[in-house]
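Encoded as structure tokens, the structure appears first; notes follow it.
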Amino acid sequence: MGLRSHEQLVVCVGVMFLLTVCITAFFFLPSGGADLYFREENSVHVRDTFIRNEALRKKEQEELLKKAEEANPVPIPKPEIGAADDAEGRRVFVKQMIKFAWDGYRKYAWGENELRPNSRSGHSSSIFGYGKTGATIIDAIDTLFIVGLKEEYKEARDWISEFNFKDLAKGDLSVFETNIRFTGGLLSAYALTGDKMFLTKAEDVATLLLPAFETPSGIPYSLIDLQTGRVKTYSWASGKAILSEYGSIQLEFDYLSNLTGNPIFAQKSNKIRDVLTAMEKPEGLYPIYISMDNPPRWGQHLFSMGAMADSWYEYLLKQWIATGKTDQRTKREYEEAIFAMEKRMLYKSEQSNLWYFAKLNGNRVEHSFEHLACFCGGMVVLHAMNEENATIAQHYMDLGKNIGHTCHESYARSTTGIGPESFQFTSSIEAKTERRQDSYYILRPEVVETWFYLWRATKDEKYRQWAWDHVQNLEKYAKGNAGYSGIRNVYDSNPEQDDVQQSFLFAELFKYLYLIFSDDDVLPLDQWVFNTEAHPFRIRH
């Protein structure tokens, strides 16, 4: 039966309304389509679009992830722990871990700073500003070369050859992090390969940082915006600079001047050293904060071997080694600093006889030790390996062993076998933490770093075994869908992952794990020195 005329009118109006809605919605769709970007060989990079609410963001991410999987139906193979019962097998297994993590980054976050391995998308922390500067690529390339991942090295090298840091970097960049990761990573790649492209890129990056050093005293600002030229300190630091940051410039800048013949970089880093040499140190100690005045003044008397101080002491020692032990000022100031810290900050726990460096706030002692501070075991072992005085060498070798043991206990006393960000020593607990905010692990390398130096110095098999235990625990608790992630609580039997694959996983943790199962002629310590991001530089004999 046909429709009456008024019914036909209603139908027509309805159809026209639907057509109008569809056409209007088309024009309001976000530009960029599904925002799916194809790279070489079917590699897919999923990028977050501008999202106004969390629910919509999650829904769109699921849709993009589905499309990415459709474009890449073959999953990335995960390494499997098999018959890895000798050093060679364990080294090969670590190499498989590196490839697995790299493949995830390449597939889902190529050109981004870091990877979210479970969300399978890009990630960037505030230290990188908000530009996509490929931090993982530059942090990883020396490790890729060292372990012999030739195709992966080539694709990283090809990307870096087109890399223009100024064009890619946006917002406030950490001068310190840019120096140790980007300048350091590129210098290391040059030192290993002799490819001058890397040296040119390293000089380009370091040159972009120079405006941060244009201060009355020579102490650099902490942050720089390369697009505007604006420099500043951290807002939370009350206008002051941080010891571990302005104090961890010399290794890279002096090496860069040595390689290029351009003295400006060494001049900037030497100026910082001159300022600190001239300042009076309270009881021989270096406070964490310094003012931007001329002359500068120390801030609050906070002292630490860990965060905001650590690499300053490391660079005093390593600059002496890097110069072929010719820079005697750094050696003297290193020895004076460590002696003062031993005198005021070194403790042994009452129950387990565990050695650690406490924190000082004026005269108040905080009996805690950070994962970051665990690097110092390796530092004093490296000192012992280069010390001519046998008594002093033995003293620091023993101290390094004690620190390595303490940091291992922080791992062994957790549910996951992985150590927390910080741990305390009280009447009720030792080498553990009851603070939820300290119980996370973000793929930090410092404990394994100390075990690496102890292995090279002593050949005690327990250090290799401890490293292998950590490999197994990473596989059990930190392995994600397309890479490795930090975990939120090392005391949980089924910890939640934080979904961030840090760039320093490649630069540091993977490198130290690979080297601890390698022969000593792979980066021998009488020929190479590592910066604080574990990028190796040649010692200048």
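Each residue, glycine too, has its Cβ placed from N, Cα and C.
Caution: TrEMBL annotation is automatic and unverified by curators.
Keep in mind it's a predicted model, so treat the numbers as computed, not measured.
Cys374 is paired in TrEMBL with Cys407, the candidate among Cys376, Cys407 named as its disulfide partner. Note: the CA-CA distance between Thr532 (Ca(2+) binding site) and Asp310 (active site) rounds to 9 Å. Using Cα positions, the member of the active-site residues Glu177, Glu421, Glu446 nearest to Cys374 (disulfide bond) is identified as Glu446. The two recorded residues, Glu421 (active site, proton donor) and Cys407 (disulfide bond), show a Cα separation of 11 Å. Here the C-alpha separation of Cys407 (disulfide bond) and Glu446 (active site) works out to 9 Å.
Sequence-distant contacts of Asp310 (active site), defined by Cβ-Cβ distance under 8 angstroms and a gap of at least six in the same chain, are Ser244, Ser304, Leu372, Ala373, Phe375, Cys376, Thr532.
A distance of 17 Å separates the Cα atom of Glu446 (active site) from that of Glu177 (active site, proton donor).
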